[in-house]
Amino acid sequence: MSSSNSRVHEEQPPTENRRYARPTAQMNRVIEQQPRRRDYFQNNDNSGRRGYNRHENNGNAQDVVRSHYNARPDLGYKKRQFSPIIQLKRFNNWIKSVLIQKFAPHASDYPILVLDMGCGKGGDLIKWDKAGIDGYIGIDIAEVSVNQAKKRYREMHASFDALFYAGDCFSSSINELLPPDQRKFDVVSLQFCMHYAFESEEKVRVLLGNVSKCLPRGGVMIGTIPNSDVIVKHIKMLKPGEKEWGNDIYKVRFPESPPRSFRPPYGIQYYFYLEDAVTDVPEYVVPFEAFRAVAEGYNLELIWVKPFLDILNEEKNSETYGPLMDRMKVVDNEGHRGIGGQEKEAAGFYLAFAFEKRGI
């Protein structure tokens, strides 16, 4: 959410004419869509209010999450460079940049539109600008974060149009959140936020229904979530009576004895701490195979999934993403590409995924 999405965001300010190299092999599929104008959003006031019927949430965990992210200050780029987890923030931003470059369309004959669910403070706006998109809508449950995202967008002089809304994509239909002319996108992004939907089956189905409605055939849903396989591995390593694991950077704590299985796959709550980012906030396990199976029922087919550290090992020396690490200053304590120490263990808690919309 306000991590939305990015639990941790960090990157350099944009510079003119700086674009990441764009791989072409990823985008051989045909995306069905209606003709769109370049000024898709220009008839709106960017207030984030048009067409949005405010959804009041009564869930206690949801209120805690919203309050947590609303309370986090937007420190600005320079102050963020002094974060005690700056290497982790840079690494996570590199992961998201890789994900965007691999799966966001790179077409030039029609506008590319993005829906960022759980956009937070707008930490991915620069990434989308570099991807050459034409339109962007960000939605987040934390109203303060949405206002900070609007401010960041205004100050960055982006090459794309954007609107921001305060709303809950996990509890409200997209028809309640967005007006009719703002409900079709080429990419839906869910960065460091989808685990909150797994509080209940209903929320997961509302989310996936919204994603499916927003995407044409060939559109993609991309995201980053905690890796349920890693959670299982740590649970198996716990001694009787132990309920948590982690290090000085991050901690995972179950309120009761950790479950030995993830059935049913919803409502498996734990508390997450990440230094300088998340303070003991309730989150939910996302059993990945259950997620994949439910997504298929909404015509969303898994096309790619990898743990963060596997992405690092596979891409750090590639022609495209290796130099990107250098530019984003993603280096360990010895100056090598990557991440080390306790921050590496924290990064290993996550995976990235991509689904493609099939059918209609």
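Keep in mind that glycine also has a Cβ here, set from the backbone N, Cα and C atoms.
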Which of Lys89, Lys96, Lys233, Lys236 belongs with Gly118, Asp140, Asp168, Gln191, Tyr196 in the S-adenosyl-L-methionine site listed by Swiss-Prot: Lys96
Nearest of the recorded sites (Lys121, Arg152, His195, Glu283, Tyr350) to Lys96 (S-adenosyl-L-methionine binding site), judged by Cα-Cα distance: Tyr350
Between Asn93 (mRNA binding site) and Lys127 (site 'mRNA cap binding'), the C-alpha gap once rounded to whole angstrom: 9
Assigned conformation of Asp168 (S-adenosyl-L-methionine binding site) - DSSP reduced to three states: coil
By Cα-Cα distance, the member of recorded positions Asn92, Lys127, His195, Glu283, Tyr350 nearest Gly118 (S-adenosyl-L-methionine binding site): His195
Distance, Lys121 (site 'mRNA cap binding') to Arg152 (site 'mRNA cap binding') (CA atoms, angstrom): 8
